[in-house]
């Protein structure tokens, strides 16, 4: 009996030890789970505040989707901008796209339900507009910018025998914000003619022609799709009638024509690069759309001084080179599924309640906190810099950086550069300096603000020996 009792006691002890072990394992597992959950929440918080990668203010080449793709060219469109927070409010209705056409490629006639503002990144071509009862043919080349009004029927061709024709464009949809369509009058299976949606009776009456003849004209397109190739002699014929515009006549101030950004004098230049711009005062169609176009050529190892636009939101597309951008942002960005966004909002509410006095003053004011948004950029990157957000773009040490910028809301906009010879901080009067910096630090502030002898385009942080957080 004693042996049995001893065995029973041992069994109970072993069971108790097993249960205790299981409890410890469970606690440890929960601790790991909570730790991982905390890490995930911190990662979500970092992403919402910008962090590495810079979303939703930075979009890489992988964010483009091919709308059209043949061996003769492609038309790629950037995904829609987030519809929440400051990005969606400022540029959510716009789309960025890139057109690439092979040598002697021909683009079928079509029209968009969107105004189109484009910049020729590379090559040369002919663009023909059919509008207001006339045909207008323009020769365009690298460095040109142009506005094509919504609804104008356009066809174009790459007129070069060996170089690709590449265009970066900003589209302003006129029907549904952030959504546009392309309409082809002539087609087949791909693209389809929009006339195919009408009944035979309507088409025969409209064109005073039998259905069979209409089908031959509008629904019988040679194979190749939206972007095809043309014989060299036909390309030459298309090029013969094209011009650079400027024909004058009545209403010439509203004339559609290409304008060369790189062919004009830069509005600023020094050893660190050149800046060009096309404003609404030079192009009335840009003014009507409340837009402006700029081009920044930043020498390798140089940077644009930290700056902001007072009214305009800047959509910057990297044309060539590499580097990075940084921006001070007070906003918490959205993104992802609605369920995730709701979790993030709830998490933010909990954090705000827990922070209490740390985050709010005695009267409940929101503390002023700014988050660094940073991302590496290269050819094809798109950056969104909202109005009043201080930001900078830095070219890498190894290569120069070329960036075309579309300014949305540009009418009455001003650029404010925060460092350098033209910084408004240098205009602080002495009483204000003493109040802002403290009496003992006012002279030191003078030395700091006057230390940079250059303006707008500056030597970058590379090689200074004190670069942090790189």
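For all residues, glycine too, the Cβ spot is worked out from N, Cα and C.
Matching 174-212, 291-329, 330-368 against TrEMBL, the residues noted as region 'Disordered' span 330-368. Within the listed segments 14-35, 36-57, TrEMBL records region 'Disordered' for the stretch 36-57. Among the residue ranges 218-239, 240-261, 262-283, the one that TrEMBL annotates as region 'Disordered' is 240-261. Taken together, the residues of the domain 'Cupin type-1' (259-445) have an average pLDDT of 86.
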